[in-house]
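Student: Structure in C-alpha cells, see below.
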C-alpha cells in the first residue's frame, strides 16, 4: 500500500474532527481504492500529461438538477452541518481573535472571510463535481494563531497566510502534492495539535471549577446531549451548552446588555507584509496542518462513502480561497472532513448522486452566517470571557480526543509524544515558535527510534478501515 494510502488509512481510522464541525459517525468497513483511480495524478488520454483540475460538470446544468431535486433531507442535513460548523468553531475563532488582541472590526472580517469564502467555494465544488465536498477552515490552526498573532504585526500574519496559499497552489499545480503527503507522518502532526489544544481543555475545566453553577452545568449539559446518540445527530450538543449557559448567565445577572449594530459585516482589507520569522513560525506549521492533516481527511471521508473525490481540486480550490481569505484577515481554507462527512451521510438522502444538495445548502447557510458576523461578534461581548472559553473547549473536545487517538494509537508514537510535549511547553528557540519545533523534534525522534515506521510493509492494506464514532 502506498504511503499516501496509509495516511488516508489513519485519517479514516479516527481523524475526522479537524475541519468545520463535529459529528458522531457510525463504524463501517470500506475498501480503499488506489489513489490513481480517484485523480491524485490524473492523466489525459493523449500521453499521460498531468491534469491540473479534474473535469467536472457544467455549473448551470448542475444547478438545474439541484433545483429540480431540492428536498427536505438535503437542506436539513446542510443546516445541521452548519450548526456544527458555526456554533463551536465560530467561538474558537472569536476566542483566538481575542487572544491575539485583534479589534472587533478585524474579528468580524476574520469570520466574514472564512465563512463567505468557504460558503462560496463549497457551492462551487458541489455544483462542479456533484459530490458533497465542503470547504471550511482549520480549527487547530485558529487555536495556534491565537497564541502566535501577538508576536507579529497583523500585516506579517497576513503575509504568512498568503505564503501557505501560494505554496499549496504551486505544489498542486506541479503535481508534487502527492509525494509530499506520502512522507508526512500524520501522528506527529496530531501530537503537535494535541499539545497546542491542551490549554483549551484546561481553561474549560478551570472555569467549570471556578463557577460550577454556570460553567459546570454547561459542561454537564454538553455531555448529557452527547450521551443520547440519536438526539445528538440532529441537535448539536454545543447548542445545549449554549442554551444552558445563556439561561444561567441571565439567572445570575451576568449578561451585560449592549446595543447591537444591525448591519451586514464589512471586510477589513489588510496589506500583507512578509517576514521570515512569521513564515517560519506561522506558515510552516499551518502548511503541514493543511496538507498533512486537514485536506486529506475529506478524501478519506468521501472514499468511505464510495465516492471518487477530485483530489487535485480539493487542494487547489482551498489554496485559492486561502489567498482571498488572507486579504480579509482570515486564516487558510481547507477541505473539511467532518462537514463533508455529515453532508455525504445517509441523512442527506438515499440517492448518493443527490447528496451534493446538502453541501450546497451548507454553503448557502455559511454565506448568511458570514454576513451576520458583526452582530455575532458584538453579541459575544455581552457575556463573560469564561463563557466563550468553555464553549471553545467543548467545541474542541472531540478534536482533542481524535488527536490523541490518531497520535498514539499506532505508528510514530514516540515522535508524536515528543511533539505533544514540545507544543505544550510553548517554547521559543531562535525566534522559532513551539509548533514548528514540535514537528521538527517529533519527526527527528521518529527517525532515530522508529525508523521502521517509515517503511511501508507489503500487503499492508486498507481492509477493515473504521470511521471514527
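Glycine too: its Cβ is placed from the backbone N, Cα and C atoms.
TrEMBL: automatically predicted annotations, no manual curation.
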Student: What range among 37-58, 389-410 does TrEMBL describe as transmembrane segment?
Tutor: 389-410
Student: Quickly jot the same-chain residues contacting the transmembrane segment (158-177) by Cβ under 8 Å, restricted to those at least six beyond its ends, or write none.
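Tutor: Sequence-distant neighbours of the transmembrane segment (158-177): 40-41, 50, 52, 152, 270-275, 278-279, 281-283, 286-287, 290-291, 312, 315-316, 318-323, 325-327, 329-332.
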Student: Using a cut-off of under 8 Å between C-beta atoms, tell me which stretch among 107-127, 278-303, 354-377 contacts the transmembrane segment (134-152) the most.
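Tutor: Top-ranked stretch among 107-127, 278-303, 354-377: 278-303.
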Student: Before we move on, state whether the transmembrane segment (65-87) and the transmembrane segment (214-231) share at least 3 Cβ pairs under 8 Å, counting only pairs 6 or more apart in sequence.
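Tutor: In this chain the transmembrane segment (65-87) does not contact the transmembrane segment (214-231) - fewer than 3 Cβ pairs sit under 8 Å.
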Student: Would you kindly check 107-127, 214-231, 416-449 and say which stretch has the most C-beta pairs under 8 angstroms to the transmembrane segment (189-208)?
Tutor: 416-449
Student: Any chance the transmembrane segment (107-127) and the transmembrane segment (389-410) are in contact, meaning at least three CB pairs closer than 8 A with a sequence separation of 6+?
Tutor: no
Student: So, does the transmembrane segment (389-410) come close enough to the transmembrane segment (238-258) to give 3+ Cβ pairs below 8 Å, pairs being at least 6 apart in sequence?
Tutor: yes
